[in-house]
């Protein structure tokens, strides 16, 4: 699943081809995604794009006619291609621009979304989202206070979007390994020092992943078709039974919250 660094990479990749240009039309080939594509998007004709931003894993396109909100789902991706680029299977959605380019959304599983709102502050999917992990709001004081209320596994806690957005499964595994924390550790048992280390490492790992263009494991590619290169630096994720890069102990895998969790039983003692 594309996580925060992949969405940030997508944002940076598509912005030069969209910001300041005019949407000629929006083509919806299959409206039945995770949520049905907003009908308002089919009315977009000659609408200027003012800006592009991101909230959690949502891509937000600011226009003269409200906000287009995209989510890549489990396997979705967007590309910038010429108007005459052949349509492939699973190409469900195009934003056709006046510069000879279009943004094309491809999603085999159709777990993504393309929605519209005229008021971001009242957009229902944003109501319960926690702070951005790379913002100043997300700091050790905040995380320590938040953890006091949680009896859940630490990995589940970090992946809770009401706590902090954008720390998905891949990066949660890597962050906990770098901090030497077991993924099943109870969140409210974190010390202040451990919380400080967690916040520092979350910011470090996500920033590095963004610089590397995200992580390509199966479906994610950058908007220009290149893979993300952070996968080459993964220390534990997907490395079950391989030697720990620190101590040589075999990496173990367990299921936490229906997701595979990878850890070193020596470096990350419970």
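Going from the start of the chain as shown, residues are counted 1 onward.
Using N, Cα and C of the backbone, Cβ positions are placed for all residues, glycine too.
The record from Swiss-Prot ties 109, 150 to DNA, and of the options 90, 124 it ties 90 to that site too. The zinc finger annotation in Swiss-Prot falls on one of the ranges 200-234, 235-269, namely 235-269. Through the fold, the zinc finger (235-269) approaches residues 153, 155-156, 159, 169-170, 173-174, 176-178, 180-184, 217 of its own chain, all at least 6 residues removed from its boundaries and within a Cβ separation under 8 Å. The closest partner of residue 3 (active site, proton donor) among the recorded positions, by CA position, is 57; the full candidate set was 57, 90, 150, 259.
The most densely surrounded of the recorded positions 57, 90, 109, 259, judged by C-beta neighbours within 10 angstroms, is 57.
Using DSSP to sort the residues of the zinc finger (235-269) gives these counts of helix, strand and coil: 0 helix, 12 strand, 23 coil. Taken together, the residues of the zinc finger (235-269) have an average pLDDT of 96.
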